[in-house]
Amino acid sequence: MKRAASNEIYDSTKSKFRRLALPAAAAYRDRNRHLHFSLQRAMSRDTENVAPSLLNEPLLLRGFVKSSGGRRKRRSRRPESFSGSVTIAALCTAVVALGPIQFGFCIGYTSPTQESIMTSLDLTTTEFSWFGSLSNVGAMVGALISGQLADYLGRKGCLVCAAIPNIAGWLVIASAGGAPSLYAGRLLVGLGVGIISFTVPVYIAEIAPKHLRGLLGTINQFSVTTGILIAYLLGIVLSWRILAFIGIAPCSLLLIGLFFIPESPRWLAKTSHSSALKAALVALRGKHCDVSQELYEIEDGVEASRAQGKVKVTDLFQQQYRKPLIVGVGLLCLQQLVGVNALLFYASSIFESAGVSAGSLASLALAALQVVMTAVSAILMDRAGRRLLLMVSSGGMCVTCFLVGLSYYLQAHADSSLQTFVGIMALISLLVYIICFSLGLGAIPWIMMSEVFPSNVKGLAGSLATLVNWLAGWVVTLCFNPMLEWSSAGSFVIFAGICAITLVFVALRVPETKGKTLEEIQAHFR
């Protein structure tokens, strides 16, 4: 009886459960199936608009971060449009651009003052040549220490360290009574310029919004060419001592301006200044801009670099750093090996062969052309992209270098009736060469150097790349006169060959960085 009663209760309960639970389970399955297909459709729509390179990145780099407990949490998708202000970033760029103006002023100072300095201090040509070249020696020392200074003191602190020897150096030059004082002043100025040449591009890249990083980064090279032009113009009407005193102005203004601009957010993240990091981002993007996404991206990038540990010089040649090192060092080395300084040095005689006798006018024309074309490069940088401009630049320089070499060959071997044509060909080739250099190889290697290195090696690798740049420039300047004595035409054909190598290097090794965050660029090399 009891067993029969219990069986009836069990059957009754089972039938009720089937009547109530099974329809509910079916509804639950239907709802989940609907959500599953809805999610699939949404994901397929989203992935249609995502670059294949992004889809191929590791999950960590596509919006997931690891919490301290090891679980992954979803990060919000990066907004496609930039809603913040660019005014403060542009003003900060204008302040630090005073450093490259000093850089250019140092380069341009010796050209208009050579005759007056040699006459005033009774210097030989060899002594004045040493005066001009010692800035490269000082710059190599500055480049060697710039990365460590920038990592330890911050980008602003490093620029303070660069401004002080610059000011001191110009004071020594302005009051010089002989060659030793000139040498000491030039070394000090070169030391500051070497630090500036690394720190300013890095600071600009680290504060600029990704869609304007090319434009703002080009301000570095634009300021260098502006400094050269200022030195040429003022050198025509001012004495060499007064011109040296004017050289104090850019870095003096830079020292004042550094008190009013924020530190690099990425350096603050690297040094674990979390509150200062957010404050710097708010200052750069505006009070009404939501900086949380950019804050997360910066912190994630720094954490990924920090996980690699401390890096020594020998570690730079490991697989994970080798590719960005090849790009950064290669571009800055080739920038000098294409012979731009040599061609500028030889510009006066090329203009004279075309019938323009005033060497100062030739220098002014080339300096002004560099300024204008660097401004054009700034406009094109974030539209055409880095790779295209570099390839057009190196290809155009290859052709024009060959034509300059050909003009000197024809000048030595052709009939006198062709001399006018040969001179005009050399003149036009040199002008087009400067245009091509300013469009790409002038500015982009410095921008790429500041983009490709991870934060944990940026100081070390950037110092190495800057050192190689100054060393290559010094070697080209040192070897140029012996090369001309060997063969003028052959020298320019060699430069044309190096330009062709640069074109191949860009095509095979250099990635496009336009429109990408620094973290995305660095993830490309992992």
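Heads up, the Cβ atoms here are built off N, Cα and C, so glycines get one too.
Database features (TrEMBL):
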- 82-110: transmembrane segment (TRANSMEM)
- 92-514: domain 'Major facilitator superfamily (MFS) profile' (DOMAIN)
- 130-150: transmembrane segment (TRANSMEM)
- 157-177: transmembrane segment (TRANSMEM)
- 183-203: transmembrane segment (TRANSMEM)
- 215-234: transmembrane segment (TRANSMEM)
- 240-261: transmembrane segment (TRANSMEM)
- 325-347: transmembrane segment (TRANSMEM)
- 359-381: transmembrane segment (TRANSMEM)
- 388-410: transmembrane segment (TRANSMEM)
- 422-448: transmembrane segment (TRANSMEM)
- 460-483: transmembrane segment (TRANSMEM)
- 489-508: transmembrane segment (TRANSMEM)
Taking a Cβ cut-off under 8 Å, which residues six or more beyond the ends of the transmembrane segment (489-508) line up next to it in the same chain?
-> 330-331, 334, 337-339, 342-343, 387, 390-391, 394-395, 397-399, 401-402, 404-406, 408-409, 412, 441, 480, 483
Averaged over the whole of the domain 'Major facilitator superfamily (MFS) profile' (92-514), what is the pLDDT?
-> 89
Leading contact stretch, 130-150, 240-261, 325-347, 422-448 vs the transmembrane segment (157-177) - CB distance under 8 Å | 240-261
